[in-house]
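Q: So TrEMBL says this about it:
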type	residues	note
DOMAIN	38-366	domain 'Aminotransferase class I/classII large'
MOD_RES	Lys234	N6-(pyridoxal phosphate)lysine
Amino acid sequence: MSFDAARLANAATAALRAYDPGHDLPALRRLHGAALAELGSNENPLGPSPVALAAARDSLAEAFRYPDPKGAALKRAIAGHLGVAASRVALGNGSHELLMLIGQCFADARSSVVHSQYGFAVFPIATAAAGARMIRVPALPADHARMPYGHDLPAIAAAVEADTRIVFLANPNNPTGGWFDDAALDTLLDRVPATTLVVVDEAYQEFVDDTGPRSALRLIDRHPNLIVTRTFSKAYALAGLRVGYLIADPGVVDVIERLRESFNVNGPALAAAEAALGDAEHLRCVRDWTLAERAWLAGELSARGHRVLPSQTNFLLIDLGEDAAALEAALFARAVIVRPMTGYGLPQTLRISVGSRDENLRLLAALPR
């Protein structure tokens, strides 16, 4: 009999598919150089704080040593930045790792996990990896007056069953860019039993303007079953170093620490993230620039006849009303990378990162008239 490793895998792993990054970006960078407009991964084109880069470089002198397994200095910095106790903080190799850990620690084959249609792609993966039953709640319709394809929080609350251990939410949401308001989250948390964890991923919280939602951190003391996840990949532009964190009840953090890899965040990443938190001016510049460029790009796309969905993130979702594959291919032929949303069940849409002004102009020039 021939060897088949897939037959040896446990059922939960066998049901998963490996991550598909789409285009071979390193090869495309070699081919196009600076002419390539990378607008597919929601990266921050302004780059990291110079202070963060210097801290990462300086830390390389200690590269022969293991990093602090507890990440104590970064935890203290996050705690001070957000006004919470350090015992509420857990660190991850990106928030992706933490979402997976939440699934592994709190869900299993005897439980269910609830999340929204068109929610963040990691939510169903974390559910499947834990072997849990997935309850996917239909999103708001495409023609919803305020939030097309958005989370339907009353329906999500109603979908929670006796065996539901986790509700996954993203606010603002990737890939739609939309959000739910404060009152809707308040009501959901009041309805969900304390035996169900409510996870709110806030990867894009730093890009929320005055019309968007407040952070769920305001509710963390009142609801011990609430977990808030964040990342240094977006506004802090440290995507290549992989640093994320969560804020939760100390008891939740204690459980996650039992399974978390001891050295999951490397030394340069710890140093850079801590320094980035201290550079408030750089973050302010990133936020102000992104909000202004987002509004400008949305206006330009709308003026060209595209339906642009509301966004509180550093990307925009455009809804073509028909399969978007042809437009994505046309842009790719002009060295403009955007992200098709077919894998999310939204083949009629494209997700476009807010790039540099030069990248955005190249996008607009490449759009068919």
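Even glycines carry a Cβ here, placed using N, Cα and C.
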Q: Give me the count of other Cβ atoms within 10 A of the Cβ belonging to the residue listed as 'N6-(pyridoxal phosphate)lysine'.
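A: If we count other Cβ atoms within 10 Å of the residue listed as 'N6-(pyridoxal phosphate)lysine', we arrive at 24.
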Q: Pop the mean pLDDT for the domain 'Aminotransferase class I/classII large' (38-366) in here, whole number is fine.
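A: In the predicted model, the domain 'Aminotransferase class I/classII large' (38-366) has a mean pLDDT of 98.
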